[in-house]
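Accompanying notes for the structure given below.
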Ligand code: ATP
Ligand code: MG
């Protein structure tokens with residue numbers, strides 16, 4: 001497993017308090033390891049402190065053997081490459097990585113308030129104010145990603161963490177893709193791309209609009225819109241866009257209007273993210289600060 005090529009530049013912490021840190025490759029000795037924060041499919045996440053800068057981070061430890069067994073090395077490499085280049089207050093920073101014989105370590109921004117789906121479980125569903133604030137911040141983060149030709153493709157409560165101010169952080173770029181790059185290598189130069197090919201890049205990005213619509217519904221109702229006992233029924237309901245709004249909880253018609261405009265089968269007809277931000281429900285309900293305070 002060679003996630004890190006020897007000559008690859010390493011991202012370092014660049015916040016003001018850490019800017020004095022000399023650029024060099026990290027090893028485990030550079031960190032004090034604290035309490036475990038959680039367990040993932042391929043390893044564990046620990047609270048940690050980078051000794052030189054005193055910066056608190058989350059250290060994700062992955063076992064190479066498990067990654068190899070599941071054949072996800074390629075996916076991890078892509079995740080690291082993409083996430084380490086994104087800088088947005090609603091996207092979890094990936095400061096860098098290092099490895100030893102058995103493990104790969106990802107140095108991540110620490111999200112002190114934990115997982116969003118636990119919050120959702122606790123509350124059952126969110127208020128419109130809270131949901132709108134979250135959806136607006138995610139729309140802004142996705143506009144940023146799409147501007148960099150990155151499509152997340154796996155937006156769901158499990159992949160959202162909560163930062164110190166209560167702001168959402170998109171984590172887990174394991175399924176994301178960098179379309180621009182792919183197309184560029186595929187087609188040589190962009191200059192020769194036909195309109196429909198340029199357009200299809202944007203079409204791809206609209207999968208994230210759909211997911212945002214699903215998320216908005218789940219925030220407000222506590223369950224995803226196309227839920228069913230059998231997978232085959234969920235599949236059918238998605239294909240038919242079998243969207244129903246239950247009578248309870250009582251949700252404003254503007255919220256339902258926004259959801260209906262994002263959950264559109266024809267991907268080119270989904271409400272573009274900048275229009276999501278201008279939608280009356282978002283304008284009326286989301287916190288101008290972009291941060292929900294309970
Ligand atoms: P996978 O992504 O492999 O499916 P996962 O998403 O369940 O796994 P991880 O991303 O490895 O798990 O994280 C495991 C748990 O650790 C998370 O569910 C979360 O509670 C916690 N955690 C992960 N990253 C952070 C972080 N940056 N800050 C705070 N807690 C974190
Ligand atoms: Mg995850």
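Keep in mind that glycine also has a Cβ here, set from the backbone N, Cα and C atoms.
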Looking at TrEMBL, which one out of 172, 204, 208, 233 binds ATP in the same site as 41, 60, 109, 110, 111, 158, 159?
172
I need the CA-to-CA distance for residue 41 (ATP binding site) versus residue 154 (active site, proton acceptor), whole Å please.
16
Based on a Cβ-to-ligand 1 distance below 6 Å, what subset of the recorded positions 154, 156, 159 would you report?
none
Count, for each of the recorded positions 109, 154, 158, 172, the other C-beta atoms lying within 10 angstroms of its own C-beta, and report the residue with the smallest count.
158
Can you give the mean pLDDT for the domain 'Protein kinase' (31-282), rounded to a whole number?
90
Could you list the residues of the same chain, at least six apart in sequence, whose Cβ is under 8 A from the Cβ of residue 159 (ATP binding site)?
170, 171, 172
